[in-house]
Amino acid sequence: MRTQLDVLVRTALARGAAVPAFTCYDFTTALAVVEAAEHIGAGVILLVAPKTAASPVGLRLIRALRGLADAAAVPVSIQLDHASDITAILAGVAAGADAVLVDGSALTYEENIQLVRAARDAIGDPGIVLEAELGGLAGDEDRAFALNASGLTDPGQVADFVARSGAQLLAVAIGNVHGRYAGEPRIRWDVLADITSRTKVPVVLHGASGLAAQDLAQAPASGVGKVNFNTELRTGVLSMLQMQILAHREDGENLLGILDLWRETVRAFTTASLETLSGRANH
Ligand SMILES: [Zn+2]
């Protein structure tokens, strides 16, 4: 069922849980994420990467995800991820995205605020939820390279940024990276606590792949209401393909079998993420 992303996240936070968001480059992955969410009975967010949205078939994928979300037995939101072009944002929303991460994190502080406001003005519809990103999160969302965290969010900017940008969710840099971690990730819980004490909007953690389960399990109690996963899903699917392609070629070019395994891989990861973020995990 269609659900406003901020309502989905706030409802989860109220019961001590966070909502996982998964990058869907394709419909098979999205089918499996929704299947797993329905099995558990919890809401999820389907992310559409900017390169996907900008591809010749991107808007068709968003429309297809819209149909999948509307027919789901659990709340599902479609979010256009890391978008910084207003024309692309409007096209994504028109195709059926419920929410947009308006990404001005590479801009100056004032330009970041102006971009979020410009997106709000251009979209008009107050039902479309805007997330913003404050602080320079290292990395590329679509390709994983080993990285050190950089550019922590400055808690002193949070209240002013949220008030002036109108962001309804705030993605922060607290030691997380987009992609793969070089060495042990070190989440700065002290910086997160400082951030959440200064705003009432739910905080979002990007680049959660690679964080320890006990770190993720502790996230909702620390005010993190949404956690984005991408790299680990890609790793899981690519590893499965590497192991299974030959046998499936020999088994009569069995693409159907590969797609079943693809969905099984994504379902397992989605289920594990939902359980870790449910607030029921031991920590
Ligand atoms: Zn991000």
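Note: Cβ is positioned from N, Cα and C throughout, glycine not excepted.
Among the candidates H178, H248, the residue that TrEMBL annotates alongside H82, H206 as binding Zn(2+) 1 is H178. From the candidate list G179, G183, G257, the residue TrEMBL records in the dihydroxyacetone phosphate site shared with G207, A208, S209, N228, F229, N230, T231 is G179. Between the farthest pair of Cα atoms in the dihydroxyacetone phosphate binding residues (G179, G207, A208, S209, N228, F229, N230, T231), the distance is 11 Å. Within 10 Å of G207 (dihydroxyacetone phosphate binding site), counting C-alpha to C-alpha distances, fall the following of the recorded positions D81, H82, E133, H178: H178. Note on proximity: of the recorded positions D81, H82, H178, the one nearest T231 (dihydroxyacetone phosphate binding site) is H178, by Cα distance.
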